[in-house]
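Q: Have a look at this one before I ask anything.
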Amino acid sequence: MDYKVKDLSLAEQGKKQIEWAEIHMPALMEIRKQFEKEKPLQGLRISAVLHVTKETAVLVKTLKIGGATVALAGSNPLSTQDDVAAALVEEGIRVFAWRGETEKDYYDNIKEILKYEPQIIMDDGGDLHAYVHENMPQLKLFGGTEETTTGVIRLKAMEEQGVLRYPVIAVNNAFTKYLFDNRIGTGQSTIDGILRATNILIAGKVAVVAGYGWVGRGIAQRLRGMGARVIVVEVSPLRALEAVMDGFDVMPMSKAAELGEIFITATGNINVIRKEHILKMKDGAILANSGHFNVEIDVKGLKEMAKSSRLIRPNLEEYELPNGKRIYLLAEGRLVNLAAAEGHPSEVMDLSFSNQALSVKYIYENRGKLENKVYNVPQEIDETVAKLKLNGMGIEIEPMTQEQIEYMKQWRYGT
């Protein structure tokens, strides 16, 4: 079996990490039991570009137990957990991923997992989907899935331009994904990454959050909960209004740059923090990114104008500006929660990856019946995931009476 990981001797530690995740992912483990019994993915070939974490390992093992053959590459050069990658190889998964990949390594690994002629592809960020469309028109795919807001935006653009060649389920758009993974998971793991990289006190700091989507609001809420004074930067009047009504200050980055001590980007867009903003910042300002790609902070511009730079501690680099101020960049401007920490807690990835597993099953069962467009996760899958999670937490919900069911179907009775 082909694979390329950093060190197979790390496999034993990786297995322990995966076991720890499995304990905290009851919904996906219940799906695994069903997959083991029914083998709904028998004969299916899957290639996936996902963050190679212990939680992803639980998903990939579940797909394999369901009958699929899986090849896996990492979706970020700094997010792979090398012990987990080694453990997955021993589980019979073709893994091409290691922490610290170059850009060439990253795309070479994507090429490797596509050699197995997948029938379904799974992506986190849209790079795999884009690569297939640009370089492998011969692939005959039943469909694909996409985990992130960034990837869904790219896929919707492909659909609108008429170039999308297969159906894709936007796992990101499931209620049981974005309400928990994007908001709660990213909120917690982003703060975790910042603290691991800096060990600073959050209380009393002025924090600037760029973007008030589900990710941004989760980060802003947790910063406030830890005692920070939070400023939100938004381009959408609707989200800006929501941030104001949630009690946050809202202003352009040009003004926030002079006030902030911690800056976190979560927009999915490019050059949100630019050179003109950085020059206005206070001495000692900290820059972190929680968007998918390392383009939200103008890292190139920062490096070009810096007089000098030095690594202070892992994932914390100091840049001295011509004006004498020092700016601190976390994790090279890449995903701070995965590069400087371990990503989302297993409990929240339980929801996202349950949606992934059931979406793959749905695509396989409906192959040839779906149009070449971006679909939301079917409501029945979303509700199934919520029920499985509640069951795993030992929580019961109130059932409706027959009278209530009938009342919800009628229109005659009012005041």
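Every residue gets a Cβ built from N, Cα and C, even glycine.
In case it's useful when we look at the structure, here is the feature table from Swiss-Prot:
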BINDING   T53, D124, E147, K177, D181  substrate binding site
BINDING   148-150, N182, 211-216, E234, N269, 290-292, N337  NAD(+) binding site
Q: Any idea which of the binding-site residues G211, G213 has the thinnest Cβ neighbourhood at 10 Å?
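A: Comparing Cβ neighbour counts within 10 Å for the binding-site residues G211, G213 gives G213.
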Q: Enter the number of other CB atoms within 10 angstroms of the CB of D181 (substrate binding site).
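A: The answer is 27.
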Q: Give me the CA-CA distance between S290 (NAD(+) binding site) and D181 (substrate binding site), in Å, as a whole number.
A: 13
Q: Could you measure between G213 (NAD(+) binding site) and K177 (substrate binding site) for me? Cα positions, answer in whole angstrom.
A: 14
Q: Drop a 10 Å sphere on every Cβ of the binding-site residues K177, H292 and tell me which sphere holds the fewest other Cβ atoms.
A: H292
Q: Between C-alpha atoms, which of these binding-site residues comes nearest to D124 (substrate binding site): T148, T150, G211, V215, H292?
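A: Ranked by Cα distance from D124 (substrate binding site), first place goes to T148.
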Q: Please report the distance from the Cα of E234 (NAD(+) binding site) to the Cα of E147 (substrate binding site), rounded to the nearest angstrom.
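A: Cα to Cα, E234 (NAD(+) binding site) and E147 (substrate binding site) are separated by 23 Å.
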Q: Counting across all protein chains shown, how many other Cβ atoms sit within 10 Å of the Cβ of V215 (NAD(+) binding site)?
A: 29
Q: If you draw a 10 Å sphere around the Cβ of S290 (NAD(+) binding site), how many other Cβ atoms fall inside it, taking every protein chain shown into account?
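A: S290 (NAD(+) binding site) is surrounded by 28 other Cβ atoms within 10 Å.
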Q: Secondary structure at T150 (NAD(+) binding site) (DSSP, helix/strand/coil)?
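A: Once the DSSP labels are grouped into three classes, T150 (NAD(+) binding site) ends up as helix.
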Q: Which of the three DSSP states, helix, strand or coil, fits K177 (substrate binding site)?
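A: Where K177 (substrate binding site) sits, the three-state DSSP reduction gives helix.
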